[in-house]
Amino acid sequence: MSDVSAHSTLPWWKEVYRHQATEVWLGFVLLLACVGLSFSTEQFFTLTNLFDLLNASSINLIFAVGLLVVLIAGGIDISFAVGASVVQYLVATTIIDLGGGSWAMGVTLSALVGIALGAINAALIHHFRIISIVVTIATFNAFFGLLMFFTRGVSIYNLPDWWTDRVIIFEHEMPNGSWAELTLPVVVMAICVFATWILVRHTNIGRQLYAFGNNPEGARRIGINIGAMQYIAFGWMGMMAGIAGLMQVNYAQEVVPNAMYGRELDVLAAVVLGGARLGGGRGTVLGCILGVMLVAVTQNGLNLLGVSPYAFKMVVGIVILVAISVSNIDWSSISFGSRKDLTKGGAHE
């Protein structure tokens, strides 16, 4: 009997574990963290805190799904957060010069400028045959240096009302008179997550990205356009960075040149924690969501417990180090079955 027939007799929960082992483990750890924090501090498991957590993590999740596509394609990008700041300034100055603009104009400009910045990375990687980590370290410094040079570190406050008005999607009054609110960035985040899921799981481009990330030379031999894959991956990352930058301004009510500086490692830790392999060819949107939420819950919990914020940076560093060390482990090979069950399965082969 074939392996396919043997697997079809597995219980549903074993079948889920076989295909999404990383997500199952991560979901379990996230649940344990939430339960532990609920008992450690009464402030954690409140509707206000959970909504604040979702609002605050929405920007990182938009970044994360963009980075996921790059990692699937076998690349890495650490310039996206600074790129988002560049988008913020260019869009803000353009819209102010044009007399105010609108959400449609803001989203369009942010996406286009972000794609252009991503295309710069892709062009350097593809045409000059430079590895992505080196290119994005260079563009990280170049983008940030140019931004600080031309802006002189000055923030922009006189933004159009449509950009800074707080758009509340859902609100609930708490017994103490405060309000728990879900805001616009959460909805935009959901749209970006859904669009990325469609791209990587339900399009031919997504399948080619996985194939390219898993085996670039093999992908080239079967006719996959290597340059197109790199432009698509980094262009998608740039577009997500642009949109995240737009939403961050709506959340913060101002444009600050270094507001996004330092987010790149937090997002990278979350994505690799979610199962994306740094070598390419592996990663899911669900794992990405769980990774971002676990990092956000960890940071939120440490803040509520009064732990130094530097401890969170230590956690991020450990997560990245561990992720690199175990990125090649096939967690689905871990079996719940007994030795007897495995022997039976082998007897039918």
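Glycine is treated like the rest: Cβ placed from N, Cα and C.
Unlike curated entries, TrEMBL annotations are predicted automatically.
Long-range Cβ contacts of the transmembrane segment (20-40) within its own chain (Cβ-Cβ under 8 Å, at least 6 residues beyond either end) map to 273-275, 284, 286-287, 290-291, 293-294, 297-298, 300-301, 304-305, 331-332, 334. Marked as transmembrane segment by TrEMBL: 20-40 (among others).
Among residues of the same chain six or more beyond the transmembrane segment (61-91), those with a C-beta under 8 A of the stretch's C-beta atoms are 106, 109-110, 113-114, 117-118, 121, 125, 132-133, 136-137, 139-140, 143-144, 146-147, 150-151, 156, 185, 188-189, 192-193, 196, 199-200, 209-210, 212-214, 216, 229-230, 232-234, 236-249, 255, 257-265, 267-268, 270-272, 274, 276-283, 285, 288-289, 291-292. The transmembrane segment annotation in TrEMBL covers 61-91 (among others).
The transmembrane segment annotation in TrEMBL covers 103-123 (among others). Nonlocal intrachain contacts for the transmembrane segment (103-123), taken as residues 6+ away from its ends with a CB within less than 8 angstroms of a stretch CB, comprise 77, 79, 83-84, 86-87, 90-91, 94-95, 132, 135-136, 139, 143, 162-163, 227, 230-231, 233-243, 245-246.
According to TrEMBL, the transmembrane segment annotation covers 130-150 (among others).
Through the fold, the transmembrane segment (182-200) approaches residues 51, 54-55, 58-59, 61-62, 65-66, 68-69, 72, 166-171, 206, 209-210, 236, 240, 243, 247-248, 250-251, 283-285, 289 of its own chain, all at least 6 residues removed from its boundaries and within a Cβ separation under 8 Å. If you look up TrEMBL, you'll see 182-200 (among others) marked as transmembrane segment.
For the transmembrane segment (228-247), the residues of the chain that approach it from at least six positions outside its boundaries are 58-59, 62-63, 65-67, 69-70, 72-73, 75, 77, 80-81, 83-85, 87-88, 91, 106-107, 110-119, 121-123, 125-126, 163, 184-185, 188-189, 192, 196, 199, 205, 208-209, 212, 219, 260, judged by C-beta separation under 8 angstroms. Under the heading transmembrane segment, TrEMBL lists 228-247 (among others).
Taken from TrEMBL, the feature transmembrane segment applies to 267-298 (among others).
Marked as transmembrane segment by TrEMBL: 310-329 (among others).
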Determine which residues of the chain contact the transmembrane segment (130-150) at the Cβ level, with the cut-off under 8 Å and only residues 6 or more beyond its ends counted.
70, 75-79, 82-83, 85-86, 89, 117, 120-121, 124, 257-258, 261, 264
